[in-house]
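All remarks here apply to the structure that follows.
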Amino acid sequence: MTDLRLFTSESVTEGHPDKICDQISDSILDALLTQDPTSRAAVETLVTTGLVHVAGEVTTSGYVDIPQIVRDRIRDIGYDSSEVGFDGSNCGVTVSIGAQSPDIAQGVDRSYESRSGSASTDAHDLQGAGDQGLMFGYASRDTPVFMPLPIYLAHRLAERLAAVRHSGELAYLRPDGKTQVTIGYEGLVPRTVDTVVLSTQHGPQVSQEDLRREVEEHVIRPVLAAAAEIGIELDSRDATLLINPTGKFEIGGPKGDAGLTGRKIIVDTYGGFSRHGGGAFSGKDPSKVDRSAAYAMRWVAKNAVAAGLADRLEVQVAYAIGKAAPVGLYVETFGTAHVPEERIVRAIRETFDLRPAAIVERLDLLRPIYAQTAAYGHFGRELPDFTWEALDRVADLQSAAGL
């Protein structure tokens, strides 16, 4: 296998500065939705040495204690003392929250179709998209959960790194960390693990030699073994393992780098295997199609691949602000389609209602479910609340496509 093509994806742990911000923003959103499921929110967070700043726009009938939510989330991640470089109990928290612009609200609350007299009697025609934009969804047969293999493994490594820290198995680890996986592909088939890069914050008491040996033993090898157990066959015998390749990594988290909500959009999605419309997810309620339509596109793509319409499928949807119906739908199958692509597009249109209100209703998105999406990927984790991962439209798509 000398002609393998190498594809790489990365992930980060929950203690990475940008991911701290995503989790804070989504924790605030969850609290708002708990108080008022119709809350509109766009919450942005910045963290830096000793300070958290929360800003954005919120319209709600509820009340939430934002500083307390911030502190609780930071401590849960593991930043609970000055020794690790950040302390949720003592850091500064500033809040600058305003109301959603009425100019935006008017288009969401009363759609273009409603205002122009072209709306049907269907209530889903009455809510417009919260912004213009384009969103992508993707699925492939690389893994049992229909995710590309490089990002799947990168997430599992990051999750495992956090797990052995929280459990005390590797007690010297600290919250910040990054993972990266390079997979060798023969055509469209993943064959080898070429390189694993793992950088983890740690305390001063451990040598780099011990850290590298124990991270390989307790993190990398168990993740590769677990992948094999679910049928992912990879040759990792010649894999290059680069663990803390710069040496010591004691200063991390917000003390090492400032963090911002929405700066890990490729980590959040498909690891670069699919295109991205540019809109981040965290801190946004589901009236924002940046989030809800991206979730719907994952639902569409996963069901389409599971239905046998293609082995790899990317789907794009586009919206105009204030308009209920999408303005565009596009499918790319990278030469793997089992039926003509135009038939796939027709089947998707027949099977899925992609108006924003219909997406929110079908995927039950007005729930406080978002903090759990904010680390280790919004897609490919088949958790009970992740309705967009359900394979519940397979038969409908097969019927609509004539299979």
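Here the Cβ of each residue, glycine as well, is placed from N, Cα and C on the backbone.
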Which range of 1-21, 106-126, 190-210 is region 'Disordered', per Swiss-Prot: 106-126
Of the residue ranges 34-44, 100-110, 254-264, 276-286, the one that Swiss-Prot records as region 'Flexible loop': 100-110
Shortest C-alpha distance to Gly177 (ATP binding site) - which of the binding-site residues Asp18, Glu44, Glu57, Gln100, Lys288: Asp18
Minimum Cα separation from Lys264 (ATP binding site), reported as the residue among binding-site residues Glu44, Glu57, Gln100, Lys288 that achieves it: Glu44
Residue among binding-site residues Lys248, Lys284 with least C-beta crowding, 10 angstrom cut-off: Lys248
Rounded Cα separation (Å) that holds between Lys288 (L-methionine binding site) and Asp257 (ATP binding site): 29
